[in-house]
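**Q** Quick one: the structure is below, questions incoming.
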Amino acid sequence: MVEYEVTVFTGKLDLASTFDDVYIKLVGSDESPRTQIPRKWIPSLKDTSHLSISCPKSLGKLVLVELQKQNRFFEDSWHPAKVEVKSPEGHTYHFPVYHWITDNEVHYIREGTGLWKCSSLTSCMHFTDSRRYKIKKENSYGLTSLPYDICFSFTNYCKKDFVLFLEYVCKNWKSVLFYDEKHWKDDAFFGYQFLNGVNPILIRRCTALPDNFGVTDEMVFSNGQHNLAEEMKKGNIFLCDYKLLDGVQANTINGKQQFLMAPLVLLQKTNDDKLMPIAIQLKQKPAEDNPIFLPTDSEYDWLLAKIFVRSANFNLYELNAHLLRTHLLAEVFAMSVFRNLPMVHPLYKLLIPHTRYTLNINFLARKLLISKNGFFTSGGEGVFTILKKSLSSLTYSSLCIPDDIAERGLKDVPNFHYRDDGLKLWDIIHRFVKGTLSFYYKTDVEVEQDSELQAWIKDIFQYGFLSLESTGIPQKFTTVDEMVKFVTMVIFTCSAQHSAVNSGQYDFGAWMPNSPTSLQLPPPTKKGIATEKTMLDCFPSVNTTVHGLAVMWLLSKQSSDRVLIGQYPEMRFTEEFPLQKIKEFQEELKKLSADIKTRNSSLDLPYIYLDPDVVENSVSL
């Protein structure tokens, strides 16, 4: 007889233990007896359970364990973390699980070595993987149809109720004071937010004015010291065009029609490296009743024009930069992981941490935020109109920050912290992905032959990008470098990019005039008539403001069970090489975090949203 020493670890989650009977079987070239895991002093599995399994002879190389839970009194669930087995030959096998078991079926857990399927490695797939999620397309967003693993933990779910905060803000909303309360009227702060606010993906260097934006030298350079052609040649002129909002019907709130514009904004970089607005047109089509507003106009003409821009920015950014380009894309990536990759696949191991809670939070977003009674000015059909229009601008290059920055002509813009921190974080992620995946894929041929990898990218191209070749999204991978770049983009989108466009919502929106969620008056059709009363009447109602504040506060708040980028509480990789790459990844992130903190210490307004100390691994809020 030979003895196998087995340790079963239960996950460190609320309600992870079970009162049910649990059985285990070891499988190699032969099988062990089906053995019940002992209970000790209390009728539930605790953090670890130890047992010995006796076998008549060695089972050879272990390839999987079978776990089965059987109900004793009532339906119960169990979250095993991993199983470790020490063989009589002295080798320790690791079987990562990290999976809620809710039924009485046998679950097959494979040994933790990363394996992928190709014509020369068919033996890797001899056993069926019970972890591949069966999520139907027609009901993939129904909360009750999602596996436990995809839903919020009990602790996290309880914290999603923000009624108490709503009550607090209703009583105290006038006392919410932030940096933007003092500076929201300043042109320099208005320009700064296009670089380092929640929507840093819209601004681009302007080399020629759009035909529908008739700005002249006399308008913006009345002193004659500059001209637009010269300033554009120097690279000092920038454009923000909200054309995706053109023609969108605004919502009705509290029985009152709201208004949403599609502005064009021209900005100039000054000699002291500030980005200053020099012209604003609130509607796309030039007309007599659509004047171009200038800093030289009356105080409230100019301020009201900027307010309409900030409201347009809120609605476009939330639906394009935030919802579409992070939440919905992360959902596409996650669904393809669940559908196409078995849990032993190295790409599954690499990407599964970046899918945590994404489907659950998106379900709640559909139900509470982008419905007809949600908090966007566009509301109802307007939301989907903006999303459809935004899809036309969704390209592979725009999702890769090095390519995006270059295409928008922003490589040398000063004080662009989103760019600086984002490029460094991209490079760190890229080195980690390349080092890890190159351990499993030595040649381009191996990439081409991995049918599961190819199914993953094909699914993303087909269902996420509607098979549109114009997006530039690859339909298949032919080289290691192609795969590495795409996986880098996926991880960056789910972690860093989401943090950049999500975490600052409350910081920049808590002072409502800086980021109105809605506006109640149409835009001015002529100059010289706007007053302070016009501005106040234009702002959203108190209950609309409170609703917006509550949502922004909730989405900006980090939960207590957050998992930051580089942290891997679920150790799915078991080989020494990828584990070493994780350590190197963590060290690089730690250094970047320190550098960002040092830089921020000298800034009046620190840029913290790409500090690895606040960037979560996944789109979880």
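Placement of Cβ uses the backbone N, Cα and C atoms for every residue, glycine included.
Pulled the feature table from TrEMBL, pasting it below:
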type: BINDING; residues: Asp76; note: Ca(2+) binding site
type: BINDING; residues: His322, His327, His498; note: Fe cation binding site
type: DOMAIN; residues: 2-115; note: domain 'PLAT'
type: DOMAIN; residues: 183-621; note: domain 'Lipoxygenase'
type: SITE; residues: Trp100; note: site 'Essential for stabilizing binding to COTL1'
**Q** With DSSP, how much of the domain 'PLAT' (2-115) is helix, how much strand and how much coil, in residues?
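**A** Summed over the domain 'PLAT' (2-115), the classes give 0 helix, 53 strand, 61 coil.
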**Q** Could you name the residues, excluding His322, His327, His498, of the same chain that surround the Fe cation site, i.e. Cβ within 8 Å of the Cβ centre of those residues, in sequence order?
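**A** Here the non-site neighbours turn out to be Ala321, Leu323, Arg325, Thr326, Ala330, Gln497, Val501, Asn502, Val619.
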**Q** Measure from the Cβ of Trp100 (site 'Essential for stabilizing binding to COTL1') and count the other Cβ atoms within 10 Å, all protein chains considered.
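**A** If we count other Cβ atoms within 10 Å of Trp100 (site 'Essential for stabilizing binding to COTL1'), we arrive at 19.
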**Q** If we check Cα distances from Trp100 (site 'Essential for stabilizing binding to COTL1'), which of the binding-site residues Asp76, His322, His327, His498 wins as closest?
**A** Asp76
**Q** Rounded to the nearest Å, what's the C-alpha distance separating Asp76 (Ca(2+) binding site) and His327 (Fe cation binding site)? Just drop the number here, would you?
**A** 32
**Q** Provide the number of Cβ atoms within 10 Å of the Cβ of His498 (Fe cation binding site), excluding the reference atom itself.
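**A** I get 28 for this one.
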**Q** For His327 (Fe cation binding site), which residues in the same chain are close in space, meaning a Cβ under 8 Å from its Cβ, but six or more apart along the sequence?
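**A** Thr358, Ile361, Asn362, Ala365, His498, Val619 - these are the non-local Cβ neighbours of His327 (Fe cation binding site), listed in sequence order.
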**Q** Under a criterion of Cβ-Cβ distance under 8 Å and sequence separation of at least 6, what residues of the same chain contact His322 (Fe cation binding site)?
**A** Val198, His498, Val501, Asn502
